Amino acid sequence: MNGLLHMHGPAVKKLLGWKIGEDEEKWCEKAVEALVKKLKKKNNGCGTLEDLECVLANPCTNSRCITIAKSLDGRLQVSHKKGLPHVIYCRVWRWPDISSPHELRSIDTCSYPYESSSKTMYICINPYHYQRLSRPQGLNSSMPSPQPISSPNTIWQSSGSSTASCASSPSPSVFSEDGGEVQVHQRPPPFRHPKSWAQITYFELNSRVGEVFKLVNLSITVDGYTNPSNSNTRICLGQLTNVNRNGTIENTRMHIGKGIQLDNKEDQMHIMITNNSDMPVFVQSKNTNLMMNMPLVKVCRIPPHSQLCVFEFNLFFQMLEQSCNDSDGLNELSKHCFIRISFVKGWGEDYPRQDVTSTPCWLELRLNVPLAYIDQKMKQTPRTNLMEPNSMT
């Protein structure tokens, strides 16, 4: 890198001194150069070039927002690639292996976070105003360089195979190789949504225990405690009884503790799971696996007190659009609307238990809203081998 520094001004050279990692040096230099130009000539927004130098020299979250104006499509072009600004500069100065905006979350004190960037003309690129969420276990710690956005027919396979060909996170993509505007699929025309956005069924091994819980609130906690009061924001598994419960199940239930929190972020078009317990939680979501370019059957481990995006609506709507007039594709897509969550014990190729029904305590989350969109599309599709959607079909 030293051989190239003489080509840049003193501000760029200084900022490059805090760069993390040795990969993609020329791209990082272009990214820093573009940022310096924007910070020098901006008249509005928050934060200066000096503020950026200060926070990089003295890393802390108690620092000013450093903003740049958003482009029409929300992305910043660096050389021949486009990317989300906050991801680009977190990649330069904090985490060179960042591959998706879903791996980042803004801190509470940030005034111009990416999550609310649709409501303002500016976005904060202070790398210390973002926290990194947990990466699903099995995702390489060193991600490859950004690749071209995949073509529509390779984003998802409707043949029922366990893997999908996906060059990058399809929607929204972190980077695209061409300089053009990247299309982000929006929610189709509205229709009458189901009264409950999802429902949860609790299982012990292969037996359902208790009623099916219908979720109306957008945020709900599922824990292992007993709560005699009826609450539509909390499901307490501790009060459910099962005469066939064995010692392994009893021991697992003791470790559920504070459990998980489900958040349907309607404004951000995704669903998050937060693990509030002191034990890991295991999740199988085909939508997440496709988004992370992993086998569709992959089981992700969420460490204690960590989060994972388990459903991305933009990706779903993109796949729904591609499944027009394809009943097999719609049947396959319905499987993406069922998410399995196991407490404490994992399953799959990395664990002794091969199937979720072999885990002591697990949940099935059925997403009613995307299933309703599929049902709406099915009514417009020739009915060949259409099946009632469920997690086992």
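A Cβ is built for glycine as well, from the same backbone N, Cα and C atoms used for every other residue.
From the candidate list CYS65, CYS90, the residue Swiss-Prot records in the Zn(2+) site shared with CYS110, CYS124, HIS129 is CYS65. Sequence-ordered, the extra residues of this chain that approach the Zn(2+) site, with Cβ no more than 8 Å from the Cβ center of CYS65, CYS110, CYS124, HIS129, are ARG64, ILE66, THR67, SER106, ILE107, THR109, SER111, TYR112, PRO113, ILE125, ASN126, TYR130. Using a 10 Å Cβ-Cβ cutoff, CYS124 (Zn(2+) binding site) registers 27 neighbours.
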